[in-house]
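One structure below.
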Amino acid sequence: MAVSGLAMGIIDTIANIQLVSIYKKDSAIFLQALHFFIGLGALVSPLIADPFISEHCLGSNSTENATEIIHHFRSSFRSPVILTENSPHSEPVEEKANVAYAFWIMALINLPVPIAVFVLMYQEKLLPFCPNSTPRLLDKDELAMETKAPEGTEISEPDDAGFHHGGHGNIFSCCMNGSLRGLPVTFFGIHILGGLVLFMTEGIMGVYAGFVYTYAVSAPMSLHAKMAAYLNCIFWAAVTAGRLVSIPLSYRFRSVHLLVMNLAGVIVTLLLLLILYTNRVFLFVGTTLLGLFISSVFPCLVAYTEDILEYRGCATTVLVTTAGMGEMTLQVLVGSLIQKKGTYSFLVCGLVIGCLGFVFFLSVILCNPAMVEAPPAPASEKAAPEQKVAVIQTESNKCDSG
């Protein structure tokens with residue numbers, strides 16, 4: 001599981017960075033599509049595993065006999081499985097457990113992914129041992145071509161953020177070669193504050209998905225275990241639907257407006273869940289609303305932060321990293337607090353975290369005007385780029401005079 005998490009972290013970071021570096025101002029739409037499929041996978045995976053796991057679960061209404069269930073799951077991974085006459089799980093029979101089939105199915109679903117990546121690398125001429133005479137896919141992409149440097153400039157050189165226009169750059173080159181010298185404090189403040197926003201919002205998503213079942217089966221809700229299990233599925237379905245709806249919305253509205261609406265919706269929903277903490281119907285309604293509002297915060301914030309930084313920093317890398325840290329850390333903190341103070345603290349923590357995230361986002365907006373003026377050019381910048389800028393300005397003056 002640790003190796004799998006490491007691989008997913010690398011894939012998540014590189015996928016977001018490449019979409020931002022290729023499409024720049026148009027990246028919000030593609031980021032929404034990317035995260036829609038992430039939510040779709042989170043929704044579909046439990047549905048695939050459920051038929052293979054449910055037949056091994058007891059029909060109890062709570063967590064009683066949990067130790068016995070765990071021992072049964074452990075034994076079910078060994079083949080053959082011999083169940084004694086006194087076993088409450090099934091009749092005495094020697095069988096091969098079906099629990100492992102869920103893992104095999106998920107592995108087979110992921111198998112085409114490296115094959116597709118290999119084909120993409122071949123199309124992009126990134127494999128030196130496999131020569132390819134056909135044009136690159138990026139050269140056929142009109143949106144990607146629009147982000148290239150104007151005619152008369154060299155597009156093979158990386159920009160200030162270390163990315164090649166229309167190509168593939170080094171993820172960490174923005175932190176090298178003195179490219180961060182001479183930048184204002186607000187430049188780094190936007191990285192930190194943007195990371196804190198995602199630390200909070202992704203933490204809420206992880207906390208809610210992880211503990212909503214525990215909250216639902218405990219007092220005062222005391223839902224039936226089977227009914228409470230639908231909450232997690234409803235939450236991820238709402239997240240998936242919200243990201244799908246955000247694809248056309250990102251085309252019509254600015255990212256900052258979507259972020260304000262989503263973050264305010266998260267706070268209002270959590271506040272209503274706190275007030276109506278005994279209302280079972282609103283628990284399902286609130287779960288749906290929370291999933292819809294929080295779904296597109298990540299891709300919108302990545303697009304917004306990169307836009308106000310003019311794609312010069314390591315914003316995407318910082319945001320993806322802090323988002324993962326928040327999803328990991330806050331689950332541990334809230335989980336330990338639930339054990340000490342009770343399940344009601346689950347909603348209290350969510351509301352506090354949501355308010356902090358909104359405050360940090362307002363701080364990002366306040367830092368934005370300071371970034372309008374471009375920072376002084378690094379000392380390492382050569383005279384050649386200055387000549388290229390002069391050529392572009394001369395051409396624009398000719399167009400104006402015409």
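Heads up, the Cβ atoms here are built off N, Cα and C, so glycines get one too.
Automated prediction, rather than curation, is the source of TrEMBL annotations.
What TrEMBL records for 28-49 (among others) is transmembrane segment.
Within the chain, the transmembrane segment (101-122) has long-range Cβ neighbours (under 8 A, six or more residues past its boundaries) at 45, 48-49, 52-53, 130, 132, 137. Marked as transmembrane segment by TrEMBL: 101-122 (among others).
The transmembrane segment annotation in TrEMBL covers 185-215 (among others).
For 227-246 (among others), the entry in TrEMBL reads transmembrane segment.
Here TrEMBL flags 258-277 (among others) as transmembrane segment.
Per TrEMBL, the feature transmembrane segment maps to 283-304 (among others).
Counting only same-chain residues 6+ beyond the ends of the transmembrane segment (316-338), those with a CB under 8 A from a CB of the stretch are 9, 12-13, 16-17, 20, 171-172, 191-192, 194-196, 198-207, 210-211, 214, 298, 301-302, 305-306, 345-346, 349-350, 353. Summarising the annotation, TrEMBL assigns transmembrane segment to 316-338 (among others).
Among the features that TrEMBL reports, transmembrane segment is placed at 344-367 (among others).
Here the transmembrane segment (28-49) touches the transmembrane segment (283-304). Their Cβ atoms form 3 or more pairs under 8 Å, with each pair 6 or more residues apart. The listed stretches are 185-215, 227-246, 283-304; of these, 185-215 has the most Cβ pairs under 8 Å to the transmembrane segment (344-367). Here the transmembrane segment (227-246) has Cβ contacts under 8 Å with residues 32, 35-36, 38-40, 42-43, 46-47, 205, 208-209, 212-213, 216-217, 221, 258, 283-284, 287-296, 299-300 of the same chain, all six or more residues outside its ends.
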